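Trainee: Can you keep this structure in mind? I'll have questions shortly.
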């Protein structure tokens, strides 16, 4: 039997998109379609066994009546344009993110994530439904970028491509929602105007004018009922298809009941109806949702595009260099990328030999060799000597943020969806029960109140404010933290920080300032040429001790032949213009343990010990005050790869009960954290991300500190600029206040629902007043959460 849907006018509805089929000859498998395009999409899906798409939602597709000219995407064959659009490309795969404005329901999400079944050239497609974006990986040996765009267009999802504002797409309110709101507002205002004679009790002796106004109100209500309220119908129907009631179900029932009652009164001449209430319900509900959507999108936009991502990189300017943050990188800048540093923007190698680890982008850990003149992509990490990269594409901070969070998206969205569905399902049944009980009670006591009681209960009770309080509070706190140069990878980190009871610091580069250390050399004299080679080797590493040696040694070789390798926690070595030079610990250089009184790095040339560098660390000025603040609420520990030469000073700072660990290799640091967690502690680890990436990953919250450097590590949950370290105590306190703010918003929301229901069940609250109060509750929660978070940050003296 055909599954064709019938339009109200008895015309057939297109099986794919739901539009009217004016030509009934376009058929396939006993199903009718409005055009050949919709028929083609159905046949493609049917051929690949993907008709589950139509089971998820009724008429889920987009109309294909508008044909796309054959050469529309021919410009994508231009390699320069392709390069400006893609985010990554290797010998086989290309990564690209497309904005798909036609995406609108769960069927769209399902179909797009099954895209690989439609073409063997598509490797994967991951959808961010909220942003209407699809991150697609395709095999460029089997299909071109143009063919991918044409494939998407062919199934109804034409990509929106604008390379003028690439990477900075501003949040735009859904135009359909704005049109619906405009129609509802126009009709509501005019119905109110036409109803003034009845509001004022003006006597119409003839009665004809009054009847005319009533029918005019009926006509004005139709666009609102059938068009503006469509969003609520779709949402409620989709939920029913999944066998549960969502928060839109009571609203839909209230709209229908109000319209039906009004239609009955006008047609029978027994009254003027409640068209003002019905249109008011739709208008105020839509207005509230538009505001919520805009606020939520703006929070995401601020996080992805305008927040400061505290990572810096070295920029080369003729004969000098300076350190710049990511937003200050421009096209044609030349960047110096050290070992283990992240490549922040697509570029061409102009000096050096690159060995790029793209595991952050692709998940593949095998480094890829690149020579001068080849392209390297943002998100890769250099694992060899220094390279220079000419920027050919501006930094896209949103892209780096997505990479950082790629393992979290799916789990978090599923958890949030499950919570929303669970709460709304429970809440909706309670609302229906209260509405029926109130209606039944007043039906027997006072029939005139029964109508108001039912509709007011259905409208005024809503868990939206409960659901939004956590979202808005977290969003604003993320914005405040990033404004203070403390950048979290995801909102869930806020909740983890609130549970922290132990804070573990790395010493070198975290408690100490790597740029202020004193360096003293003990040993055999170093020849000027060897000194340049030592400087060249030390300059390849971003470790604070290496930087200190490079600054002490001075001038480097301009174009050395260099083979470089770094051993985390041990040292570095390299062949520099024919000489094997090594810098590192006593065990790494001599094979023996030494009882050094301070931080020491040994130097060898061609395997022979030449001398050692002694370092006098300068602790950051803010450290004593910071540690005193933290000790009042947290267990404090220090783990360091250095010897215990500064044990007495740290004991003085932290007290006799403090936990101090010295001579710790990277794997030792990880074990220290594991043992703390086995004791039931919630641990925050703060380090420079060089020799402690394993510990940062093991910690409940791993924080990488950056001091005008590119020490970003994907293992961390947060990045903090060294200049903001003095505010760490206040930043953690703000995260702990998050729970109290959310709880306050929850309590206010519950009180609102109880109070609203109290008046609604008495039958004295008109449906239109209820419709005004409902979005006002969400707006008030928005204002409360923003106000409390901003007030808390000011009291903590944060920016």
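Here the Cβ of each residue, glycine as well, is placed from N, Cα and C on the backbone.
Curation does not apply to TrEMBL; its annotations are automatic.
Computed from a predicted structure; not experimentally measured.
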Trainee: May I ask you to indicate which of 388-406, 407-425, 426-444, 483-501 is given in TrEMBL as transmembrane segment?
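Mentor: Checking TrEMBL against the ranges 388-406, 407-425, 426-444, 483-501, the transmembrane segment one is 426-444.
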Trainee: So which range, 158-177, 178-197, 298-317, gets flagged transmembrane segment in TrEMBL?
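Mentor: Based on what TrEMBL states, transmembrane segment spans 178-197.
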Trainee: Choose the correct range: of 121-139, 273-291, 330-348, 349-367, which one does TrEMBL annotate as transmembrane segment? Give that range.
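Mentor: Spelled out, TrEMBL records transmembrane segment over residues 273-291, not the other listed ranges.
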Trainee: When only pairs 6 or more apart in sequence are counted, do the transmembrane segment (209-228) and the transmembrane segment (426-444) reach 3 or more Cβ pairs under 8 Å?
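Mentor: In this chain the transmembrane segment (209-228) does not contact the transmembrane segment (426-444) - fewer than 3 Cβ pairs sit under 8 Å.
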Trainee: Is it true that the transmembrane segment (426-444) and the transmembrane segment (178-197) have 3 or more Cβ pairs under 8 Å, skipping pairs fewer than 6 apart in sequence?
Mentor: no
Trainee: Across the domain 'HMA' (94-160), what are the DSSP residue counts per state (helix, strand, coil)?
Mentor: 21 helix, 21 strand, 25 coil
Trainee: Express the predicted model's confidence over the domain 'HMA' (94-160) as a mean pLDDT, rounded to an integer.
Mentor: 84
